[in-house]
Amino acid sequence: MVKHWRLILLLALVPLLLSGCGKPFLSTLKPAGEVADKQYDLTVLSTLIMVVVVAVVSVIFFYVIVRFRRSRVGENTIPKQVEGNKFLEITWTVIPILLLIILVIPVVLYTLELADTSPMDKKGRKAEDALVVNVRANLYWWEFEYPDYGIITSQELIVPTDQRVYFNLKASDVKHSFWIPSVGGKLDTNTDNENKFFLTFDSKRSKEAGDMFFGKCAELCGPSHALMDFKVKTMSAKEFQGWTKEMKNYKSTAESDLAKQGEELFKEKNCLSCHAVEPNDKRAEAARTAPNLATFGERTKVAGVKEANKENVKAWLKDPDSIKPGNKMTGTYPKLSDSETNALYEYLKGLKAESK
């Protein structure tokens, strides 16, 4: 019997240990913006209400068990019945209603406030007043378009802090779900309609997070659903304006001889039919079937999941399916030799927005 209790105790500790796993600032319990703060407050409020209810019911439950135990009242004693007691009937009807009212009022108020995306649809809207980002989810990558600036990026969302950023969400293939746990809870991306919402990124808490947050797909979409990650880089409004100017003036140029070989291979293998290498991609959405590779050389991840070192980039180029199963890149080009992947790596790592 003692062994069974030890096993039960051990199993009970497993969830506690697992709760400590995960990445920094990939948790709803570390809110870093206006939306996340409100959602966290509602979580705390609802949890407190439930804790109070469970505590009161548990106290009454154990009191009855102890007070009317057989050894104390005897075999044939029947406790006083309270059926039809008006005071008790009113009490256990009114209290739940009051608790629901306490919970419903902030939920409704916050829902209406967080659903207000009218500033993004105003005529004459300026990006400085209401920045809009079009998010397009694909199997298994993300595209971010800044329509006010004519900029398109992939896998890394760049946003200013301390202001509302408005999002148009849609999907190009199947249903996905856009989620940045630390900044605001998720919203689906659909193929047949657009969803809209806004998020804010608090500058102080962004600094604490190293100006970096992590986003995920929160809707099961295929074999690499768990690998459909993206990164969010935050910066001040002034720095953001500087970034947009850099991106507008961005030109992809290969410098070394090996990089130039990689550029020629990139064209020869017809990579440009799917990938763009500059952020001002004018093609229609239907033609943008693969991630935009502008600033690839500044990214810390390849395919959103592996460290962007030479070994991993070459492994991705040789066999994408070994890193992200089900991706659409696999089998679209002939097998590459080591010399070809070396040249392509050199070219791709040179794609940067930084001044050259």
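Each residue, glycine too, has its Cβ placed from N, Cα and C.
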Same heme c site per Swiss-Prot - residue from Met120, Met212, Met228, Met329 joining Cys271, Cys274, His275: Met329
Among Cys217, Cys221, Met329, the most crowded of the binding-site residues [Cβ within 10 Å]: Cys217
Nearest-integer angstrom distance between the alpha carbons (Cα) of His275 (heme c binding site) and His225 (Cu cation binding site): 21
Residue among recorded positions Cys21, Cys271, Cys274 with least C-beta crowding, 10 angstrom cut-off: Cys21
Env. residues of heme c site, Cβ within 8 Å of mean position of Cys271, Cys274, His275, Met329 Cβ: Leu272, Ser273, Thr289, Ala290, Thr332
Chain-internal residues near His176 (Cu cation binding site), provided their CB is under 8 angstroms and they sit 6+ positions away: Ala137, Asp188, Thr189, Cys217, Glu219, Cys221, Met228
Residues from the same chain, set at least six apart from the ends of the topological domain 'Extracellular' (21-47), whose C-beta lies under 8 A from its own: 102-103, 106-107, 110, 113-114, 164, 181-185, 197-202, 205-206, 208-209, 212-214, 216
Helix-strand-coil residue split for the domain 'Cytochrome c' (258-356), DSSP-based: 44 helix, 4 strand, 51 coil
